[in-house]
Amino acid sequence: MKFIDEARIEVIAGDGGDGSASMRREKFVPFGGPDGGDGGRGGSVYVIADRNINTLIDYRYAKKHMARNGENGRGSDCYGKGGDDVTLRMPVGTVINDMDTGELIADLTEHDQKVLVAKGGAGGLGNLHFKSSTNRAPRQKTDGKPGERRMLKLELKVLADVGLLGMPNAGKSTFISSVSNAKPKIADYPFTTLAPNLGVVRVGPGKSFVIADIPGLIEGAAEGAGLGHQFLRHLQRTGLLLHLVDLAPFDESVDPVAEAKAIVGELRKYDESLYQKPRWLVLNKLDMVPEDERRTRVVDFIERFGWTGPVFEISALTGQGCEGLVYAIYDYLAEHSDAHRAELAEDLASDVRFRDASGAGGEPHEREADAP
């Protein structure tokens with residue numbers, strides 16, 4: 001199935017039915033009085049988070065979703081039937097914004113989370129409500145209220161604990177397939193990965209975390225070059241980023257340090273908060289480096305890159321070093337999970353406050369110095 005992570009739809013709630021201005025007319029009841037019923041309420045539009053859905057493709061082509069109107073009231077104090085509600089099922093991780101006002105309507109973070117996005121109109125009142133001691137035969141009634149109508153922007157931000165960064169062919173897909181249950185397409189050409197892949201890494205009974213692989217970044221990605229920029233939003237919810245570097249590129253003219261610096265630069269240009277996330281350096285493809293050159297090449301890379309954070313040396317293909325990295329990730333996430341959840345909640349609250357005022361991850365990673 002094609003991966004779609006953005007869509008625009010229109011949701012239209014049903015109008016309320018009109019009240020009835022009816023009089024009771026029966027044999028032997030000369031002054032029956034008013035008996036007009038109320039109109040039914042209009043149907044509302046809800047969204048529900050569903051963990052079994054992983055793309056917004058259903059909403060790329062079905063752009064209008066309408067609930068039914070309420071029925072009009074009738075005589076004999078018969079109320080109109082309420083309109084049926086419409087329920088839209090969306091992936092967990094979907095962010096819903098009102099395109100006209102910029103209001104953040106919902107952030108679907110839990111399975112079965114239900115949110116009202118367009119409220120149906122109230123039904124009108126029948127003339128029975130207007131009966132009084134001085135008005136025994138009222139002819140007044142009210143019309144139903146119109147339902148809400150909204151243009152919504154849907155954005156899917158996958159929910160993962162760990163995100164993978166790196167140039168195309170850095171070995172990200174090989175790594176995620178080696179340590180998790182994900183089975184991404186793997187080949188020796190750039191941009192084999194065209195959509196985010198999620199994998200569950202199981203460390204032990206009841207111990208696991210989710211890792212996300214996005215298409216590789218290239219220089220200029222923040223301005224739209226390549227594929228990775230359109231998927232960087234999927235890393236915004238992660239608690240840890242792994243920066244994978246190909247330490248043994250096939251093209252000897254390629255400088256891994258220059259590529260790594262380009263990735264960091266693109267990350268910073270795209271989103272400063274994403275740049276500030278905890279980030280570990282993972283030097284991959286050590287199996288392609290002669291054993292007597294490995295230490296020299298690793299030390300040279302770290303010095304030229306100016307990196308002072310955690311460093312892991314692995315071979316995703318052979319599995320060398322992967323187990324230690326996985327356990328280190330799990331321990332880190334277990335230690336910082338509460339802080340990361342608090343940060344996500346604060347980010348969401350800040351976003352809401354900002355939008356209201358305008359009308360329209362994890363603890364900070366301390367580094368003495370960072371790569372430029």
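Cβ atoms are placed via backbone N, Cα and C, with glycine included.
Residues or ranges marked as domain 'Obg' in Swiss-Prot (evidence: sequence analysis): 1-159. Swiss-Prot lists 128-147 with the feature region 'Disordered'. The domain 'OBG-type G' annotation in Swiss-Prot covers 160-334 and is backed by sequence analysis. If you look up Swiss-Prot, you'll see 166-173, 191-195, 213-216, 284-287, 315-317 marked as GTP binding site. For Ser173, Thr193, the entry in Swiss-Prot reads Mg(2+) binding site.
A C-beta separation below 8 Å, combined with a sequence spacing of at least six in one chain, links Lys285 (GTP binding site) to Gly171, Asp246, Leu247, Ala248, Ser315, Ala316, Leu317. Secondary structure of the region 'Disordered' (128-147) per DSSP (helix as H, G, I; strand as E, B; remaining residues coil): 3 helix, 0 strand, 17 coil.
Counting every protein chain shown, the number of other Cβ atoms lying within 10 Å of the Cβ of Lys172 (GTP binding site) is 31.
Between the alpha carbons (Cα) of Ser173 (Mg(2+) binding site) and Gly166 (GTP binding site) lies a span of roughly 11 Å. Lys285 (GTP binding site) carries neither a helix nor a strand DSSP state and counts as coil.
A 10 Å cutoff on Cβ-Cβ distances gives Gly166 (GTP binding site) a total of 24 other Cβ atoms nearby, all chains included.
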